[in-house]
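Here TrEMBL flags D127 as active site, proton acceptor. Residues annotated as ATP binding site in TrEMBL: G11, R72, C73, G102, D103, G104, S105. If you look up TrEMBL, you'll see R21, A22, V23, V24, R25, R154, G185, A186, E187, R211, K213, K214, H215 marked as ADP binding site. Under the heading Mg(2+) binding site, TrEMBL lists D103. Look at TrEMBL and you will find T125, I126, D127, R162, M169, G170, R171, E222, R243, H249, V250, Q251, R252 tagged as substrate binding site. The domain 'Phosphofructokinase' annotation in TrEMBL covers 3-275.
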Amino acid sequence: MRKIAVLTSGGDAPGMNAGVRAVVRTAIYHGLEVVGIRRGYAGLLDGDVKPMPLESVGDIIQRGGTCLYTARCLEFLTEDGQRRGYERLTDLGVEGLIVFGGDGSFRGAQKLHQLGIKTIGVPSTIDNDIGACDANIGFDTAVQTAIDAIDKIRDTATSHERTYVIEVMGRSAGHIALAAGLAGGAESVLVPEVPYKLEDVVAKLQRGVARGKKHSIIVVAEGAGNGAEIGRYIEQHTGFDTRVTVLGHVQRGGAPSAADRVLASRLGAHAVELVMAGVSGHMAATKNGELTSVPFDEVFRAERKPSHAVYQLADILSI
Ligand code: ADP
Ligand code: F6P
């Protein structure tokens, strides 16, 4: 193998830059040439490709976002788009491809693997919904960002004796909500994986206030309900002064945490070693802290659900 390519796809995640840096530096260390494909599969189809010498990844380990840009590409969902992507790569002389992204990006990577490009995925999404591994790049940072915001909201919630509903990201998964809710000391955490009744949320709030609580925080995953509607319901059914904050894309930005930089560096380097060893159609992963690889088919079957024990703990600690 002489030449590999790297791209970032889907929603960006803090730590992607550290991962791209690890890919480029590991590949060059092993004597490979590396090209970067900008804007994910969209850039692949457009031929938006640049050489990646050592210095191209200098001073990015600490930056959020992705220096390669990212995109969602409808054309790549079609067989024709995938075939064109394959042809672009072979025309460039690329024999191996490293894809940073989430589930959708891995499905695209699987297609390129099936067409004959040696392809490795690196799990990168703040949603942390890619299973069969310890963690996804970006989750740790996103949770810290959410907690920083919750701590600040708690200050003003206390001063005004208010109830706050804080909606966090996660698409259809509740990982960010559960971790941020537990670490942020929320009164209730609503996640899509656990059915809930708003009457119960209200009853718990009222019990807390009856015991003397001055403020309350409810963390809701975007996949579990609309923060504004939940806030309206609570205000109507309790009369408590209630405000709603949607954290939104702030959770996707910012300098990656140390844990995300370490994970991205390890997985990026491992992805290069895998592709050089002829592995393809796999995700680079850590399991119990050890580097490994998992076939995409197994990744697609694996479902990562928030821990029920942690959910119960968050409930108990907020009585
Ligand atoms: P993520 O990787 O964060 O889950 P998306 O689901 O938006 O993000 O997927 C990113 C891109 O991956 C899509 O815009 C599309 O180009 C490609 N992709 C997604 N699903 C498939 C699929 N089933 N087959 C081929 N490509 C796909
Ligand atoms: O997958 C990452 C994520 O940030 C989700 O948590 C969120 O639902 C979605 O992407 C937002 O996507 P967009 O950037 O297209 O608004």
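Placement of Cβ uses the backbone N, Cα and C atoms for every residue, glycine included.
Any TrEMBL annotation is an automated prediction that lacks curation.
Only C73, in sequence order, out of the binding-site residues V23, C73, R252 have a CB under 6 Å from ligand 1. K213 (ADP binding site) sits 42 Å from D103 (ATP binding site), taking the CA atoms of both as reference points.
Regional average pLDDT for the domain 'Phosphofructokinase' (3-275) in the model is 97. Note: the Cα of D127 (active site, proton acceptor) and the Cα of E187 (ADP binding site) are spaced 22 Å from each other. Of all the binding-site residues in the list V23, R25, E187, R243, the shortest Cα-Cα distance to G11 (ATP binding site) is found for V23. Here the recorded positions are D103, D127, E187, and the one whose Cβ sees the fewest other Cβ atoms within 10 Å is D103. Nearest to T125 (substrate binding site) in space, judged by Cα atoms and limited to the binding-site residues V23, R25, E187, H215, is V23. Proximity of the binding-site residues G11, V23, R72, E187, H215, V250 to ligand 2, judged by a Cβ distance under 6 angstroms to any of its atoms, singles out G11 in sequence order. Comparing C-alpha positions, R25 (ADP binding site) sits nearest to G102 among the binding-site residues C73, G102, D103, M169, R243.
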